[in-house]
Amino acid sequence: RMMKSKPARIKGSARVLNNIGTILDNEGKYDEALDYYQRSLKLIEEFYPFCHADIVTSLENIGLVFCKQEKYDQALDYHKQALEIQQKLYSSIHINVATSLNYIGIILRNQRKYDEALDYNQQALKIQQILYPFGHMKMAYSFNNIGTILYDQEKYNEAFDYFQQALKIQEKFYPSSHETIATNLNNIGMVLRNQRKYDEALNYHQKVLAILQKLYPIGHEDIVHTFNNIGEIQYCKEKYDVALYYYQQALKIQENLYPTGHIDLVGSFSKIGVILNIQGKYAEALDYHQRALKIQEIFYPSGYINVARILNNIGSILCNQRRYAEALDYHRRAFKLQQEFYPLGHIDMAYSFKHIGDIHFDQEKYDIALYYYQQALKIREKFYPSGHVDIASSLNNIGLCYENQNKQNRALEYYQRALTIYEKFLPVHDSNRHRIEHRILKLTGKA
């Protein structure tokens, strides 16, 4: 028989390595997947010129894995290399160029560089609108990407419009029960939830659930996400028993889909732990968060930012149990991880400052608590220049410190600032508004 040429054999080997990488990638084994993708890339680069489509594929695969690992600088580097090759291989108005632009936009969004992300995704959309004047599913993808950036910027009305445009295209190409339509209905539901239109949001997520349960009668990870989203709405409505039910339904499916110790179980364990903490079931809550932490540390032994979130959750429970020294240790560990992974002043650091402040507040160390609450406020005001309920929460915490120090006028000033923000962002019957209104009435002698 004919012998294959060496380049053909190399290409075949590279493809096999790439395929193994894809399998490992789908299993969530990202470090192993990365190793295979990089070996594949090395082989391809030896036998092809710089500008070759197969090199682009490998670069994109590596970039996507780094993105999943939240190693965004590395991901960005690989996708920019891919874009550079695409722009040399094709004209500037080519669908592959648009694809690379979208990938870069997604990474920049994850880095919270929203204006840059928006620019890349809008460039991609512009190319698609030229190539597909009568609409195309790729345009729906770009509309969704732009909508997601606007959602992250809390520009909910604009995000809603982009998601609706995406849905309009999708309904043109797919039946109403298609999973792609379910994804977009989910996005719209998320916007409505953040606009605190909980009943409308619930309606969208229940539509999503109905579609998915027909498509996947024995369970699917998308059903897991939908159960979690419905749980989040119930959590926001302070219906904690109902929220817990949906989170547990999500976990039940995951335990059937995945082996024990799978990374995707972490989110469900954490959500259930948060609810149990609110319900005062501290031992159970602690157990769920520790299970989440154990899995997370196995997958990311060198550290990972989600570990910091779990450490903060555990610290919060220990604080509620009045185990203050242990709680402080967990929050400090969380803060140390945040310093490793984030630039100074990152929004997540505000939560660590807040938690540390809570510990000192509970111990009646109001001067120290005040310092940490002010640090949290400083970060939040910088991160949310147009206002946010978390800023109001920080103002309220500072007010509580002053009130407990018998500095009534200072306390009243902070409570009133908090109420102004709550009135802007929260509905009339929200419990946070009620609590702070009551504090103001009490301090002004009108209660």
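Heads up, the Cβ atoms here are built off N, Cα and C, so glycines get one too.
Keep in mind that what you see is a predicted model, and the values were worked out from it rather than measured.
For reference, TrEMBL has these:
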- 14-47: repeat 'TPR' (REPEAT)
- 56-89: repeat 'TPR' (REPEAT)
- 98-131: repeat 'TPR' (REPEAT)
- 140-173: repeat 'TPR' (REPEAT)
- 182-215: repeat 'TPR' (REPEAT)
- 224-257: repeat 'TPR' (REPEAT)
- 308-341: repeat 'TPR' (REPEAT)
- 350-383: repeat 'TPR' (REPEAT)
- 392-425: repeat 'TPR' (REPEAT)
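Packing against the repeat 'TPR' (182-215) from elsewhere in the chain are residues 140, 144, 147-148, 151, 154, 156, 159-160, 163-164, 166-167, 170, 176, 222-223, 225-227, 229-230, 232-233, 236-237, 425-427: each is 6 or more residues past its ends and has a CB under 8 Å from a CB in it. Helix first, then strand, then coil: DSSP counts for the repeat 'TPR' (98-131) stand at 31 helix, 0 strand, 3 coil. Note on the repeat 'TPR' (392-425): residues 196, 350, 354, 357, 361, 364, 366-367, 369-370, 373-374, 376-377, 380, 432-433, 436-437, 439-440, 443-444 of its chain, located 6 or more positions outside it, place their CB under 8 angstroms from a CB of the stretch.
In terms of DSSP helix, strand and coil, the repeat 'TPR' (14-47) has 31 helix, 0 strand, 3 coil. Here the repeat 'TPR' (350-383) has a mean pLDDT of 97 out of 100.
Same-chain residues lying 6+ beyond the ends of the repeat 'TPR' (14-47) with a Cβ under 8 Å from its Cβ atoms: 6-7, 54-55, 57-59, 61-62, 64-66, 68-69, 262-264, 299. With a cut-off of 8 Å between Cβ atoms, the residues of this chain six or more beyond the repeat 'TPR' (56-89) that come close are 14, 18, 21-22, 25, 30, 33-34, 37-38, 40-41, 44, 50, 96-97, 99-101, 103-104, 106-108, 110-111, 304-305. In the repeat 'TPR' (392-425), the DSSP tally of helix, strand and coil residues is 31 helix, 0 strand, 3 coil.
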